[in-house]
Every structure is written in C-alpha cells, then in structure tokens.
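Q: The annotation transmembrane segment is assigned in Swiss-Prot to 15-35, 44-64, 71-91, 98-118, 143-163, 228-248, 255-275, 289-309 on the grounds of sequence analysis.
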Amino acid sequence: MIFSTLEHILTHISFSIVCIVITIHLITLLIDEIIKLNNSSEKGMIATFLCITVLLVTRCIYSGHLPLSDLYESLIFLSWSLSFIHIVPYFKKNKSHLSTITASSVIFTQGFATSGLLTEIHQSAILVPALQSEWLIMHVSMMILGYAALLCGSLLSVALLVLTFRKNRNLLCKKNPLLLKLTEEFSFGEIQYINEINNIFGNASFFSDNNYYRSQLIQQLDYWSYRVISLGFIFLTIGILSGAVWANEAWGSYWNWDPKETWAFITWIVFAVYLHTRTNTNLQVENSAIVASMGFLIIWICYFGVNLLGIGLHTYGSFTLTSN
C-alpha cells in the first residue's frame with residue numbers, strides 16, 4: 001500500500017514538473033533573453049528524471065522484477081530514457097535544440113502512461129513464465145532506449161524539413177514578392193529548383209541575416225539528428241539480436257515473424273536506409289530527413305500500434321492485460 005501510494009505521488013509530481021518545463025520552453029522560444037527561465041527548465045527536467053528514477057526503483061522493489069513487463073511500465077521507462085537524453089547535453093555544457101523536443105516527448109509519454117486508458121495495468125503483476133528470464137532486462141531496455149533515441153532524432157529531422165521548406169519559400173518570395181501566394185502550391189522540390197535557377201542567373205544575395213541563422217540552425221538539427229539516430233540504431237540492433245536469442249531459448253526459434261518482430265525489422269530497415277542516405281555525399285540532407293520522418297511513424301506503429309492488435313507472441317502488456 002505504501003509503495004503504491006508513493007508510486008502514485010511520484011508519477012503525478014513528475015508529470016506536473018514536466019508540464020511546467022514545457023511551458024517554460026515555449027516562453028523561452030518566444031523570448032530568448034530570459035536566461036533564468038531556461039536554466040529553471042533544465043533543473044526541472046533533472047527533477048523529473050530523478051522522480052521517474054525513484055518511481056522505477058520503487059516499482060522494482062515491490063514487484064520483485066525490473067519494471068519492463070507491460071505497456072505501462074515500458075511507457076514510464078520510455079519517459080525515463082527521454083529525460084536522460086534531455087539532461088546529457090546539459091551536463092556536458094553543450095546547448096542543443098534537442099531539449100524542446102525531448103521535453104515535449106516526455107510530457108506526451110508520461111501523460112499517456114498516467115491517463116485512465118492504462119488503469120487496468122497500473123498495478124504490478126506476477127511475470128508470466130515466458131518473461132521470467134535474464135534476457136528481459138537486456139532485450140526490453142535496449143529496445144526502449146532505441147525507441148527513445150530514434151524518436152528524438154526523427155523529430156529533429158521533422159524540424160529540419162520544416163525549417164528548410166520555410167527557408168526556401170522565404171528566399172523565393174524575397175526575390176519575387178509576386179510569387180508569395182503561388183509558393184503555397186509548389187512542392188518542396190519545385191521550390192528548391194526555382195531557387196537554384198535564380199542563383200544561376202545572379203539574383204540578389206543569397207543569405208540575409210535571418211536566413212544565415214536559419215541555415216546554421218538547420219546544420220545543428222542535422223548534426224544532432226544524425227548522432228542521436230545513430231545511437232538509437234545501435235540500441236535497436238542490440239535489442240533485436242538479444243530478443244532473437246531469447247526467442248530461441250523460450251520458443252525454439254530465433255525468428256517467428258510475429259507482428260512486433262516484423263515491425264521491429266521494418267523499423268531497423270528504415271533507419272538503416274536513413275544512415276545510408278545521410279552518409280552518401282551525393283544526396284542532400286533533406287533526403288535523409290524525409291526517411292527519418294517516415295521512421296517516426298514506423299516506430300509508433302511498432303511500439304504502440306501492435307499492442308492495440310493484441311495478437312502474436314508479444315501481447316504481454318497490451319490493453320487486455322489485467323493484474324493477477
């Protein structure tokens with residue numbers, strides 16, 4: 001009873017703090033001069049990380065196993081992973097644009113985990129025999145860490161695409177204001193093509209101060225997106241391989257083409273394509289960003305969408321799971 005009450009308190013404290021943090025982030029995005037608020041938001045995320053850490057430890061103590069056995073616990077661990085990714089640049093004194101994305105991701109996952117949709121599986125249950133293995137820690141933790149990193153990297157790529165489109169659109173409109181309304185009908189590739197033609201014929205200077213800042217921001221987004229996705233890809237690979245070994249021990253086969261396994265493989269393929277296009281110097285940065293943006297949807301289908309089906313070998317922790 002005490003552990004359950006403590007867990008309930010920590011869950012809502014962490015959610016409340018992260019709500020305040022995301023509000024501060026939105027304010028600092030509008031007013032860059034408020035440095036104290038920015039520092040407060042970073043300290044708030046550290047407090048959120050500590051609350052979620054204590055929450056996981058508490059649940060581990062009274063359940064007798066690492067809290068990774070169902071959808072609720074995996075969502076809490078996903079929030080912890082996103083919080084960890086958020087505070088790493090802070091301790092390295094390296095300011096990045098990852099913070100706004102990770103903070104918003106934490107509030108989404110933490111909010112959903114504490115919502116009424118998962119009420120049936122908030123209480124810890126005894127592990128089914130198939131999950132009573134040392135591979136549970138290795139496989140699930142690597143997969144969740146991989147999901148967290150890939151989600152953050154994918155969102156950075158989405159932001160990169162938005163900024164690139166706006167930059168190309170603004171450049172085109174500055175060179176010919178009459179095309180302001182027409183650009184809304186152009187595709188991303190068409191706008192880039194028109195900008196290249198305008199540059200060939202020697203129009204006005206390519207970069208204004210605003211466009212220069214935007215170009216620098218795009219480069220930073222690409223830098224962090226590539227590195228975070230690379231880290232997530234490593235975690236995902238380790239998670240899939242450890243899961244295959246565990247499956248062979250539990251079911252006598254390394255691969256069964258279970259829905260979760262199939263979508264995990266699709267996720268791996270998508271981000272392998274991303275890494276290939278990103279390292280290919282003949283391709284533009286936007287090409288790899290488009291692949292990563294597609295990967296964002298694939299991850300949610302793999303992680304969350306398959307649980308809605310309630311079929312296959314990975315049905316533990318779906319909405320139909322109840323406490324024993």
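Just so you know, glycine gets a Cβ as well, placed from its N, Cα and C.
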Q: In terms of Cβ proximity under 8 Å, which residues at least six beyond the ends of the transmembrane segment (228-248) contact it?
A: 85, 98, 133, 135-136, 138-143, 145-154, 156-157, 254-256, 261, 264-265, 267-268, 271-272, 274-275, 292, 313
Q: Given the transmembrane segment (143-163), which of the listed stretches 44-64, 255-275, 289-309 has the most Cβ pairs that are under 8 Å apart from it?
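A: The listed stretch sharing the most Cβ pairs with the transmembrane segment (143-163) is 289-309.
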